[in-house]
Amino acid sequence: MTENQQLKALLSACHWIGEKGWCPATGGNMSLRLDDQHCLVTESGKDKGSLTETDFLLVETASNHVPSGRTPSAETGLHTLIYRLYPQIGAVLHTHSVNATVLSRVERSDGLVLQGYEMQKSLGGQTTHLDSVVIPIFDNDQDISRLAARVAAHAEATPLQYGFLVRGHGLYCWGRQVAEARRHLEGLEFLFQCELQRRLLEAK
């Protein structure tokens, strides 16, 4: 797909995310890799359900510099980190859904284990419900550079797959193209809802 087609696909995904209620009150941020040096990131404070092409800002991946001087998402550094770590990644989606936010708080360990669900196969490379998928959880931090450093240290020891959670904050997930990132988001959100319901029922 061309750059313009990918951007249109990302806009469509953003509007769909808005309809799902996964980025309330202008929360969340989305991005698209352009090349090895640049990406597009959503401007700060924009409602994700009504984004237009002008709401994406050009960002230099190595430095987070924005040539236009406008203000990108405060969490731009996490998007650019993912692009630097994994050259194959083409799009990153960050959402604030209720299920992701709550699960990231009730799970006390540093990873959410998903196992036994057929929908694990919505995640690239997963072929069976018998495997375990671990979604790392990082404690929230308003200092994004410090949070990015912790994510980078984890990724150096254990490569990230599909996404990670920030505790009490939300989900970051990605894909090689927008379509794959969107599928991973939808699959993970389904799995989060299943896992949350399972825990609630088992607690009764």
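Here the Cβ of each residue, glycine as well, is placed from N, Cα and C on the backbone.
Keep in mind it's a predicted model, so treat the numbers as computed, not measured.
Here's what Swiss-Prot has on this protein:
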type	residues	note
BINDING	His94, His96	Zn(2+) binding site
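Neighbour counts were taken at the CB atom with a 10 A radius for the binding-site residues His94, His96; the maximum falls on His94.
Under the three-state DSSP scheme, His94 (Zn(2+) binding site) falls in the strand class.
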